[in-house]
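Scroll down for the structure; my scribbles are underneath it.
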Amino acid sequence: MRTHFCGLVDETLIGQTVTLAGWTDVARNLGGVCFIDLRDHEGIVQVTVEPVAGDDASAELFKVAASLGYEDVLQVEGVVRARHAVNDKLRTGKVEVIATRISILNKAAPLPFHAHENPGEETRLKYRYLDLRRPEMQRMQRTRIKLVQALRRHLDARDFQDIETPILTKATPEGARDFLVPARMHPGEFYALPQSPQLFKQILMVAGFDRYYQIARCFRDEALRADRQLEFTQLDMEFAFVRERDVQDFVEDMMRAIFKEVVDVDLAAQFPRMTWAEAMRRYGSDKPDLRIALELVDVAELVKSSEFPVFTAAANDADGRVAALRIPGGATLSRKQIDDYAAHAAKYGAKGLAYIKLSETGEVNSPIAKFFGEEAFAALLKHVGAGNGDIVFFGAGGYTKVSDFMGALRLKAGKEFDLVAEGWAPLWVTDFPMFEWDDEAQRYVALHHPFTAPAVDDIADLRANARTAVSRGYDMVLNGNEIGGGSIRIHRPDMQSAVFELLGIGAEEARAKFGFLLDALNYGAPPHGGIAFGIDRIAALMAGTESIRDVIPFPKTTGAQDLMTDAPSPIAADQLAEVHVQIRAKQV
């Protein structure tokens, strides 16, 4: 139906006859001439219709051109010629196609929005097929496509095996709710959609495949936000006979190559490395954005003897923290803006936010200054590096909570005070805690997942020091986003059983849920490790968008709905009966 793509028509084709197909982007009838911007996936070319006096065929052609509306689907035949008025904004701007024939392949109904408009998100998602025609959406989807293609080429060239793992599998706890699928042939039993291929890829290492990868679809029934969807895609990788640096060095080289190929970005020749403890101490986050130079400063030792009980209580608590965040130029903040920062911190658990504001002339404005002697106050300001024109925020309380809300303030301040440097800041975060304590459940939970190896090989040591145990987990962070997470795995069945026990998973429960894994580990499992990268998140970063929904062809809303297909939707009673499911009225 076509000989060339619209966006690729250029001067080399001048004088030649071409056949094009695409959508009417714009049609302009200027009376004596019609201009049609014809669009396909490669771009736009101008089609010109010039009626010739006394020529019935050209008059009919002009009539067809004048009748065109937005998004009508056309086939156009014509001769390429040089444009009199060059359009430098178009790749095809030096040429035009003089139409000799126009066939309307399909008329478009009146549009809810035009391809060059940017309507509200609900409208975009309801008419996703129209939204995806927009040039910006085409660009972002193509970025994702190029990313996946580049990853496959890179890994295939290095002897990785692309192996599929099951979509219908066993329900195993991995931190989020499973999506459950009734098993029609086994009444009362259910499959689960995989939250990740974690256990299968470990078993593939036991099976001797050595290097595995998969562009894997994963499913988690959890609350949605801009960087989270119910179903998502990850690059899943696993290596046999490796230590942490083997995995990290390989994927670091891979990311440098991929970013260069896909978006022509040169990532750092060597990614910085930071332990989890250092990241939390300096930045209040396990995925710090290193483009923001602001750092948290611990001040517990300087406020232990103050008369401010909020500070003294936290400073004298072994699990407490008093941290300061200096914002250069922050003295310009009004009281209302300071209250806004306090409200932002409250979202992350802060019960209050103390501050010291120093005017350009050195005047102090602070609700906590009265709790300090003159020398102690001066020492505090010196310790945090505060000067005229600055504001210093303080957080006090439990270590983790203070780190969280002060880290959130750091990000907010960095953006609002234009302190985010240009460029790309990759980072390895290592040495994560093995466990964290769940006050509600009164037990340990795995910080990464239950299959991450501890840094110690001795089970007795792990049991005795579970509270402070460090794992062999690692995350790759880019511009404040965790783009990949991995670890060295447990490959000994006795260690895996001990970790289950520390997580409150007894032998009987472990056998019921993970018996297949424990059995596999018993038959000569090699030391192994791996990592998984979020394709959606990396594509969003490459495309320069805040929301992963922009790089997913058919995403869900934050309300977990597909507005285009109207999913989820009720199921007929006979279908439910086939899978032995009965809907009960919601209890009020």
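Heads up, the Cβ atoms here are built off N, Cα and C, so glycines get one too.
Keep in mind it's a predicted model, so treat the numbers as computed, not measured.
Note: H448 (L-aspartate binding site) has non-local neighbours F432, S471, G473, G485, S487, i.e. same-chain residues 6+ apart with C-beta under 8 A of its own C-beta. Summarising the annotation, Swiss-Prot assigns L-aspartate binding site to E174, R220, H448, R489.
Under 8 Å, Cβ to Cβ, and six or more positions away along its own chain, E482 (ATP binding site) finds D286, K287, D475, M476, G534, R537. DSSP assigns E482 (ATP binding site) to a strand in the three-state reduction. What Swiss-Prot records for R220, D221, E222, Q229, E482, G534, I535, D536, R537 is ATP binding site, and it gives sequence analysis as the kind of evidence.
The list of residues near the region 'Aspartate' (198-201) in space but at least 6 beyond its ends in sequence, with Cβ under 8 angstroms from a Cβ of it, reads 165-166, 169, 172, 174, 212, 214, 236-238, 449, 451, 514, 516-517, 530. The region 'Aspartate' annotation in Swiss-Prot covers 198-201, and the record cites sequence analysis as its basis.
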Largest inter-residue Cα distance among R220, D221, E222, Q229, E482, G534, I535, D536, R537 [record-listed ATP binders, Å]: 20
CB within-chain contacts under 8 A for I535 (ATP binding site), separation at least 6: R144, L147, V148, I215, F232, T233, Q234, L235
Rounded to the nearest Å - Cα separation of E222 (ATP binding site) and R489 (L-aspartate binding site): 25
Confidence summary (mean pLDDT) of the region 'Aspartate' (198-201): 97
Other CB atoms within 10 A, centred on R537 (ATP binding site): 21
